[in-house]
Amino acid sequence: MWSSLNEWFWQDRFWLPPNNTWAVLEDRDGLVFAHPRDLLAALPLALALVVMRFTFERFVGLPLSRLLGVRDQARKPVKPNATLEKYFLTKGWKPKEPQMALLAAQCGLTLQQTQRWFRRRRNQDRPCLTKKFCEASWRFSFYACAFFGGLSILYHESWLWMPEMCWDNYPLQPLKPALYYWYLLELSFYISLLMTLPFDVRRKDFKEQVAHHFVTIILISFSYSSNLLRIGSLVLLLHDASDYLLEAGKMFNYTPWRKVCDTLFIVFSLVFFYTRLVLFPTRILYTTYYDSIAQWDTFFGYYFCNTLLMALQLLHVFWSCLILRMIYSFVKKGRMEKDVRSDVEESDSSDGEVAQEHLLLKNGAAHRPGAAPADGPRSRLVGRVANGHTATT
């Protein structure tokens, strides 16, 4: 059964242009071509990259964070409370105000004490700045090496400057060793990112990141198996061009080096918009959509490749919106505040509670003998009495 399924899956008409077979891609006369089985080497290499990553973070990233002045914010410990802990783990880490008041009554705490407990408990699960820095430093190191290494490999290739040359004599394009090793390294890295997801900093665009990793892995595997390494290498190079700048900016965002962070953010934004929203659609998508079928009819691989590339472009648009939000904040405040994809560590007093306490003080509901605590479950009732919203008896 497996043999039949494998034979059906690798049919020529699915992955190769019409009138081409896998037989034409067999090694011969000193020419080496890409074979799907070559990608199996990516699995052990991905495991090696995971080991390298944790070693790098421990012996390079951590000392570098201290050298650049990364300081973790002191976190106050959470007092043990079985009722609140059970709710936090089973029902949610941010209960609504009515539920918060009910939990406060059950535990014999004031509303403010209960809110503070949940804030501290949430902070306890948030990664510290040092962890974020180490993770960003590893990705920066890889993306920088991948980009400049890939650029050195492709610099003298005609298809780097004229993407339409990606289809010259396709699929009879021999595999160059340097391109193979670079391709294999990129595939292994994205596989390693999926392996380490449970240990990575979880951001607000987590689902989009997972989708991006899966689409990238499928695209790399498909393009290699179908000998589309030329167009695949351009896609990888365009992505790496801005990724290492992003990780560098994130690194300095966790340090006191604000001007460096702001400068990197500006450079990253310009490179990202140009490579992802200008070059990618006008050079990559155009050539895969039009130039690729100039010599033959469409086939399944044509639609499959363009669908995945369009999925990548939609993710580019999504991240562009996030960057525009950061640019708006940058222009408004004159500096980079934070990564909008990350959760911010909360202080012991939230803005909402400060405003509530100010209102109660203004209305005379506090600092009176016998007055109910401004942070207790009855604080809202006290506020209404002070405002004359409840009839006196």
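Glycine is treated like the rest: Cβ placed from N, Cα and C.
Nobody curates TrEMBL annotations by hand; they come from automatic prediction.
Counting residues 6+ beyond its ends, the transmembrane segment (39-56) has Cβ neighbours under 8 Å at 137-138, 141, 184-185, 187-189, 191-192, 195-196, 221, 224-225 in the same chain. Among the features that TrEMBL reports, transmembrane segment is placed at 39-56 (among others).
Feature annotation from TrEMBL assigns domain 'Homeobox' to 84-128.
Confidence in the DNA-binding region (86-129), given as mean pLDDT, stands at 86. Residues or ranges marked as DNA-binding region by TrEMBL: 86-129.
As annotated by TrEMBL, domain 'TLC' applies to 131-332.
According to TrEMBL, the feature transmembrane segment maps to 140-160 (among others).
According to TrEMBL, the feature transmembrane segment maps to 180-199 (among others). Outside the transmembrane segment (180-199), and at least 6 residues removed from its termini, the chain residues within Cβ reach (under 8 Å) are 34, 38-39, 41-43, 45-50, 53, 142, 146, 149-150, 153, 210, 213-214, 216-217, 220-221, 224, 229, 232-233, 236.
Among the features that TrEMBL reports, transmembrane segment is placed at 260-280 (among others).
Here TrEMBL flags 300-328 (among others) as transmembrane segment.
According to TrEMBL, the region 'Disordered' annotation covers 363-393.
Remote same-chain residues near the transmembrane segment (140-160) are listed as 56, 166, 168, 178-179, 182, 185-186, 189, 230-231, 233-234, 236-237, 240-241, 243-244, 247-248, 251 (criterion: CB distance under 8 Å, separation of at least six residues from the stretch ends). According to DSSP, the domain 'Homeobox' (84-128) comprises 33 helix, 0 strand, 12 coil.
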